[in-house]
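Look at TrEMBL and you will find 26-48, 60-78, 98-119, 140-163, 199-225, 237-260, 272-291 tagged as transmembrane segment. Annotation comment: TrEMBL describes 41-289 as domain 'G-protein coupled receptors family 1 profile'.
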Amino acid sequence: QDAGNHTLLSEFILSGLSSRPELQHLLFFTICFIYSMTLIGNLLICMATAHPTLHTPMYFFLRVLSFLDISTASVVVPKMLVNTLSEDRSISYLGCVTQLYCVVFLASTEWYLLAAMAYDRYVAVCRPLRYPAVMSTRACLSMVLLSCCSGQVVSVVQTAWVFTLSFCGPRRINYFFCDIPPLVLLSCADTSRYERQLISATVLVIFTPFCLILLSYSCIISSILRISSAESRHKAFSTCSSHLTVVTLYCASGTLIYLQPKSSNAQEAKKVLALIYTTVIPTLNPLIYSLRNKEVKEVLIRGMAVLMKK
């Protein structure tokens, strides 16, 4: 029975952010605005950091981060917008597999990239004389490639595990996209083994990079405190606080979502956290990381001036 239902299942139904009809249009325009800001902000960062004057490891990593943010939002938001105004909220079985794979891949890759960015800042602040040799173009490309490969492994394993479960109950997913916790709730099989595996994966993907980031910034802050110039200390602390703000938001939301995958009581709260994780944070990243940066702002202003003259 279970195996048959699992085999014949051809689609799922996404419940969306809210089932209240009077909120659908407000949700549509709010999410549409946030998504537009995500695309505009991150595309501006991609273009600005491609400028010859900004060809440094830090801006290279920021460009990759912006690309990942655009991709994450684009995997989730367009389908969510369509479902908000449509009575048909179905997603095919293959579409659900693809969406889950992409979300896990992009999120995992971003975590490892954030760890690489923290290491870049550590070398820049604590080992400035060795910085050009340590953070060479080849080293930066290797870090990004390693982040992508690690994300790929995590995504393949997690997606394969989830979709080997038997879905013999209702096909309605109480979520706005295909994610691990709501899919685990639909399974009629014993998922205790998978839940333990997911906790291990969460530690590997979130806590391991988080600990490396904290270690890097502990060394950075220790070095900053030895700087005699108050202005230099303030600039260094500003850079650190920006990175740590993003990391804290990611860690808090990701941990609360994935450490208790079968907690049905917290499902509505998880929707909000997932919305922050996939939609709000990609909008904030350009503001936190780059648009406050004097060099990036100067490149953007010069670029806009050139466009206006044309």
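Quick reminder: no glycine exception, Cβ is built from N, Cα and C everywhere.
For the transmembrane segment (60-78), the residues of the chain that approach it from at least six positions outside its boundaries are 31, 35, 38-39, 42-43, 45-46, 49-50, 99, 102-103, 106-107, 109-110, 113-114, 116-117, 120, 140, 144, 176-177, 278-279, 281-283, 285-286, 289-290, judged by C-beta separation under 8 angstroms. The transmembrane segment (199-225) makes contact with the transmembrane segment (98-119), as judged by at least three Cβ pairs under 8 Å among residues 6 or more apart in sequence. Ranking 26-48, 140-163, 237-260 by CB pairs under 8 A with the transmembrane segment (98-119) puts 140-163 at the top. Beyond the ends of the transmembrane segment (140-163), by six or more residues, the same chain brings 57, 60-61, 64, 97, 100-102, 104-110, 112-113, 116, 119-120, 180, 183-184, 194, 197-198, 201, 204-205 to within a C-beta distance below 8 angstroms of the stretch. Here the domain 'G-protein coupled receptors family 1 profile' (41-289) has a mean pLDDT of 85 out of 100. Sequence-remote contacts of a segment are chain residues at least 6 beyond its ends whose Cβ falls under 8 Å from one of its Cβ atoms, and for the transmembrane segment (26-48) they are 17-18, 54, 62-63, 66-67, 69-70, 73, 77-78, 80-81, 84-85, 279-280, 282-283, 285-287, 289-291, 296, 299-300, 303.
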